[in-house]
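Chemist: Starting off with a structure, shown below.
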Amino acid sequence: HPGELTMLLWVPQALLALLLPTLLAQGEAEHWRPLQAQNSSRPALLRLSDHLMANYEKGVRPVRDWRKPTTVAIDVIIYAILSVDEKNQVLTTYIWYRQYWTDEFLQWNPEDFDNITKLSVPTDNIWVPDILINEFVDVGKSPSIPYVYVGHHGEVQNYKPLQVMTACSLDIYNFPFDVQNCSLTFTSWLHTIQDINISLWRLPEKVKLDKTVFMNQGEWELLGVLTQFREFSLEDSSHYAEMKFYVVIRRRPLFYAVSLLLPSIFLMLMDIVGFYLPPDSGERVSFKITLLLGYSVFLIIVSDTLPATAIGTPLIGVYFVVCMALLVVSLAETIFIVRLVHKQDLQQPVPAWLRHLVLERVAHLLCLGEQPASQRPLVTSPATKTDDCTDVGNHCSHLGDPWDLEKTPRGRDSPPPAPREASLAVRGLLQELASIRRFLEKREERREVAREWLRVGSVLDRLLFRLYLVAVLAYSVTLVALWSVWQYS
């Protein structure tokens, strides 16, 4: 029958269809049995590495859902402050930088690979976020770390030390008591916040107070590291995430105080002490000139130590300039006083108004006591009789003409008259004595004028010295106040 014949023909085909999968499974089992034996003999690390890198694409962001952003947690630990270049406004630091993110394509079951939970893989073989520092100005000499750690849940830990040369707006006004605040801004150079988001690995309080690895033996002292997250946009549709680390450092001023401030203070003190030299002595002028010359040499020596920028001048530079100006004022005051008390042959007497103003008013104001008034001897007029010898000898009051001696009536017992030559000699002697007297009176008058000018100069010197001292003290207090306010602000 045709129907029975057809059924007989389909029975072998059905049996063959049922037996064929079994035969194929047995063949495959026999084929893979040596391969499994070979794989079981390989190290687990190699098997895990091959398993992870078999179908991995490092050019693709490692997420299964492209709408989900990759969150990168970062951390910064300051290791050392290498240099601070005030002229070029560059800060060089050495930091320990850490990154952490989740790679969804690098996951495995530890039980299948000898309970391995962490694996180090080459950095060049996996996807790495393009997070850079915006303030970079030069590539430092950082060691290359070619590996990262990958956990079995896909967490990737990228640790590396960095020598960072960054631009920083350095404020040197308060040098050498300055505090600098420089920022390190980490952000993705290309990816928006929809692709890469940035977060802080540790708490901000722990980052701020972490000084465990900081080398604290240099010129700069680390005060703290402040953190701030910010989302910004360059265009209306593009938003980026950034994390700022503010490195706050303070300069140690001891070296600069010893090498810059103390020598200047000592020279200024010696200038003040120089006012106690007598004003009529020429040594004061030479002493002040020597101090001014020494201060000029000191400024030439320390000029390379002072920081120089095009946008400002440190306060200590203004301090040096003002100290130089005070030394010049002190020298000018000394020259004025020395010129005032200098003895001259034709020196004019002190004017009455100046004597009243200086020796009475100013002396009373300075609590110097009442200055002795000048009582100059009367000048002998040319019409004074040369025969007035009262102060020379008491035995003679008037001498007349020698001829009068002969006309003088003599008594009975009177001696004979003196010869004419003797009377002429006595008259000449009296004239010489009168000339000597006039010379001594004029010399005493000049000396009294010089003494009076010396008293005026001494009072003015005291006045100018006290004004100079007040100016120096006021300037010092102002400078210390400015440094203190700027330091604690």
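Just so it is clear, glycine is given a Cβ too, placed from its N, Cα and C backbone atoms.
In case it helps, TrEMBL gives these features for our protein:
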COMPBIAS  404-413  compositional bias 'Basic and acidic residues'
DOMAIN    47-253  domain 'Neurotransmitter-gated ion-channel ligand-binding'
DOMAIN    260-479  domain 'Neurotransmitter-gated ion-channel transmembrane'
REGION    400-421  region 'Disordered'
SIGNAL    1-29  signal peptide
TRANSMEM  254-277  transmembrane segment
TRANSMEM  289-310  transmembrane segment
TRANSMEM  316-338  transmembrane segment
TRANSMEM  463-486  transmembrane segment
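Quick one: where do these features end up spatially?
Modeler: Here the domain 'Neurotransmitter-gated ion-channel ligand-binding' (47-253) returns a mean pLDDT of 92 for the predicted model.
Residues 175-176, 219, 283-284, 287-288, 291, 294-295, 298, 302, 305-306, 316, 319-320, 323, 326-327, 330, 334, 461, 465, 468-469, 472 of the same chain lie 6 or more positions beyond the ends of the transmembrane segment (254-277) yet place their CB under 8 Å from a CB of it.
Cβ atoms under 8 Å from those of the transmembrane segment (316-338) belong to residues 175-176, 256, 260-261, 264, 267-268, 271, 274-275, 279-280, 282, 284-285, 288-289, 291-292, 295-296, 299, 302, 306, 457, 460-461, 464-465, 468, 471-472, 475, 479 of the same chain, restricted to positions at least 6 beyond its ends.
If one looks beyond the transmembrane segment (463-486) by at least 6 residues along the same chain, the residues whose Cβ comes under 8 Å of a Cβ in the stretch are 173-174, 177, 268, 272, 275, 315, 319, 322, 326, 329-330, 333, 337, 362, 366.
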